[in-house]
Structures are given as structure tokens and as C-alpha cells.
Amino acid sequence: MDLDPEGIFRDDSDSDDEFYQEKEASKELVVYLVDASPKMFAPVPTDKEKKNLQDLSGVYVFNVPEREWLDRPTARLIKEFSSIEESFMSNIGSRYWIVSGSRDNSLYNALWVAQALLRKGSAKTVSKRILLFTNEDDPFGSISGAIKSDMVRTTLQRAKDAQDLGISIELLPFRRPDEEFDVSIFYAELIGLETDEIPNFLPSASDKLEDMTDQLRKRIFKKRKVKTLTFSIANGISIEVNTYALIRPTLPGAIMWLDSVTNLPLKNERSIICADTGALYQAPPKRFQPYKNEIIKFSVNELSEIKKLSNNHLRLLGFKPLDCLKDYHNLRPSTFIFPTDEEIVGSTRIFIALHKSMLRLRRFALAFHGSSTHPQLVALVAQDEITSANGQVEPPGMHMIYLPYSDDIRHIEEDHMAADDNASRATDEQIKKASALLRRIDLKNFSVCQFTNPALQRHYGILQALALGEDEMPDIKDETVPDEEGMARPGIVNVIQEFKNAVYGENHDQEEDESAAGRGHASGASKKRKEMTEAAAKESSSRDWEELAENGKLKDLTVAELKNYLIMHKLPVTGKKETLISRILTHLGK
């Protein structure tokens, strides 16, 4: 999601026309434009680096004939792309972008080809980007004079033409050893950097590269709007807001059922059959309710009207202080709401006034939200804009927190209500040691986004191995296991030991050893029982119990011999001899 796609919190002096915005892009097209000059790769003969629909020299487009979409990659595409590094020298090759004495402008050609690849889709509905990777800050440094001026001018114009078509160009520079990438030489003008933005460009680009590396194996969800709601405020005043899911669970892909012969996807169809005649029922189904020996029929539309609680998607009920909102009131991940003027003009202005008042008075809005089948109370908490030196960190808007009803909350039952009872309580020294332990093992700058789901990673790893025909499973790092190396640091070991001494006493290590010895005795008893079971099974298997039961010779065996059969089959061994015989006969089905 664009952090402020509609310029919501700009000055009120802005013109009304600026409040009308185009619909948010619902699809993203990206071209990765990678510099393959000798400074990034070793040079090879110069007759291998052309592959594009325009037949322009100096541009190699991977997978251009098939144009398979990378958001749904096939096994063949993944396998080809994984081996591109090995086949680079033989298939692609490397040469300088612009060479002296030649009118061939490889950078111009690359921007032209990238623009052609992004020609599909309107800029109103599709986000288009070109990501340019290079470590050459002066691509025209090898030439001079009028030729250089002409090449620079035409290349900048080509970039401007692409940007006018709604294509953004982003530069991701690589730093060469002992050399600083100087973006002001050429690329600042190409990507439209202002003079005051140049000093902060390289640090932000470096952070972006690190984020791309960290998120290679993560499935990224674009912050697109989930739905549009009508927010009823009061006295017939309603505005329109968009909702965004900021955090959502990541689940494995849905199972697709395939035909066992053709391997084609199966389509589920449902038919209603009349119980009296066996004919297919073609009319729309009806519901019924018995009432006073009569059958009252309802259509689907009638049932929907009966269940409808409100005509509004979101209805304001009132305001309460923020102190009334507790942490345990949050049932599930919240939804972020943002105003839109697409259908109801003036929604943004009303939302701004409401938002500012809630921040100033430290209030949250209590509202009704939900469908007829799931009505729910929600809290709308205003969030102010948070910025840093690199720009906006958190956008302004409201979080819609889903509240529980009274019977959804289970109150804590205290075991010791009276203050003068004999229950053990923590001493001041124990509380002090526990606080020191918590401060020592506190995770700084913690975020749930730092951890990947190991079960999902293993799931996709298995799919990858099966699709690519790999013999070995990829190594999956489980980031949820305890950090044993970090917990073994002397500072943490000391506070843990002090806490244990304060709670369990100085001699707790000796008590633990004695307890472990007791567990050893218990394990010895288990081993002894296992040996008795094995001996009974060996002794019992030497007899033909079916024949003994048929001939009535079970009564000739001793109690110990009868118990061997029962032990082998894990049956009770209690009771007199007649009871044991009866239990054996029942087990044999006699």
C-alpha cells in the first residue's frame, strides 16, 4: 500500500480537485535491469549479448519468447533461472555499455526494451517499475564531445518518456572496492533526484538491497485494499473508507484435485435431487420452518432480510477514553482504514476532522461493524503520522480493532484472594532478580517479521525439491529455536543463576541431582517391566493356545503360565484362575 496514496493529510488550502484520485493499482509489473559490463562480470566475446524482441544490441532479456509470469513460476522456469549463473558466459556474455567511437547506446536500448516489456496494462490499474542494478556511476565516461552530449540527452529523454507513461525507475547501485558510487554524475538526473536528496540516497539504497536479500524466500503480500465500507457517522452523514489488512497469516497453497487419468483439474458441481421423485431440482432452493403444524417457506432473499441488522457496513456509536481499551480486548489482527472520495465526495475532509479530534481528546470511536451473520463491535483508534529522516514510517489513519462481547472474556480466578493466607509469595529479592533476568534477555527492536514459519518453509522446500527433481532437501533454518549461543553468554548465565538461587535456594543443584537419580530409578523400573513382558511373550509363544482352548486344557496350566499369555497381549492379570481362563477364551473368541 502506498503510505499516503490520496494525500490525506495535506493542508486544507489545497484545491478540491486534488481530492479526486485515480483508483489504486491492483497489479505490479517489474523489470530487473542488470548491468552486465566487465566491471561487474568477466569479459567474453561481444557477439553473445543480444536477445530481445526489438533486436537491439547490448540487451539480453531472459525468457523473452515465452514471457512466463514470475508470480506463478513453473518448474522449468525455476530450473532455467537457477542455472543462469553457470551459463552466463556461454549464453549472455559481457561487454562495456558505451564504447568510444561507437554510436551504439546500450543504456538507451535497455530502457527502450524495458519500456516495451511494461507496455501492457494501464498506469491507473498497474504499478510499473524498472529496477536498475549497476556499479558504474558514469556510463558515458569513456566518450567525450558532441557524441557524449547527444547520448546523454537522448538517454535522459528516454527515461523521461518512460516516467511520463507511469513507469518509475529505481537505481540500486553496487559499490566497487575502494570506490564510492557518485550518483550526482549522471543517475541523479535520470531518476529525478533533487539536490538535497542526493546525500541520503546511497544509505537508503543500501537498506533496500538488504531488504531484498532478506525477503527472497518470503511471500510478500501487497498492501492492497480489502474492501470499501460506508462509514455512517450521525444524522444521515456517511463517508467512504477503504480497509487494508496489514498483517495476515501465511498458509500453504490450496489443494487442487486432479483427474487420475488425464491429470486435469476437477470441477465440483452440486445438484439437488427430489427425495420423492428422484428428479433434479431446477428451481432455486427454499428454506422452511415448522410452526404450529405448518411448514413456513422462506426464499433466500427473505432470509437475508430477516437476518439483516443494519444497512451500514460501519456505524459510529460513540466515543470512549483510550484508557478504557485494554490489550486483551484485541481478538484478531486489526484492519487499517483510510478515506476515499471515489463515490462520496467530502469523505476525506470529514475523516480528517474526526481523526484530529480523536487525537487531541485522546478518544477512540466505538462502532458497529459486520455482516448479518457476524455482527461485531469495533474500536477505531486514530494513529498519527510517524516520519523519520528517510521519509514516512507510519501513515496517518485509523486502526479498526475487533472487540469481544462480555461472554468472550474469561476472568482470572485467583487462588489466594485473602491477603493473610499462607500462600507462598515472591519476596522483594526474588522480584528484583526476576526483573534483572527479564531486562537481560529482552529482545531489542523485536518484530514478528524477523521470523519465518519453519513449517511453511519446509513445505515449500519439499515442493521445490519435487518440482526441480532435486535429490536433497534444501536446508531450512528454523529461526524459532532458542538462541543457545546467546543464552550461554556469561552475563545471561549469571542472572539466570542468581534468579534460581533466589527462588530455589543455594543448594538447588544438589536437589536436582537427587531428583534426576530418582528418575533414574523410575527408568530402571520401566526397563524391568519391559524385560518381564518380553520374557512372558517368549514363554507364551511356545504353546498352541488355540488347541489348548479347543481341548479344554487351559485348566491344566498354572496361574503364572496363564498370566504370560495375558501379559503378552496386554490384558489384565488380576483375578482367580477361572477368571484368567475366561479372559483368555474371550480373547480367542471361544
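Placement of Cβ uses the backbone N, Cα and C atoms for every residue, glycine included.
Taken from TrEMBL, the feature region 'Disordered' covers 507-546.
With a threshold of 8 Å between CB atoms, the same-chain residues lying at least 6 positions outside the compositional bias 'Basic and acidic residues' (531-546) that come near it are 561, 563-565, 567-568, 584, 588. What TrEMBL records for 531-546 is compositional bias 'Basic and acidic residues'.
Residues or ranges marked as domain 'SAP' by TrEMBL: 554-588. Sequence-distant neighbours of the domain 'SAP' (554-588) (same chain, 6+ residues past either end, Cβ-Cβ under 8 Å): 532-533, 536-537, 539-541, 543, 545-546, 548.
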The compositional bias 'Basic and acidic residues' (531-546) - residue tally per DSSP class, helix then strand then coil = 12 helix, 0 strand, 4 coil
Whole-number mean of pLDDT values that fall within the domain 'SAP' (554-588) | 80
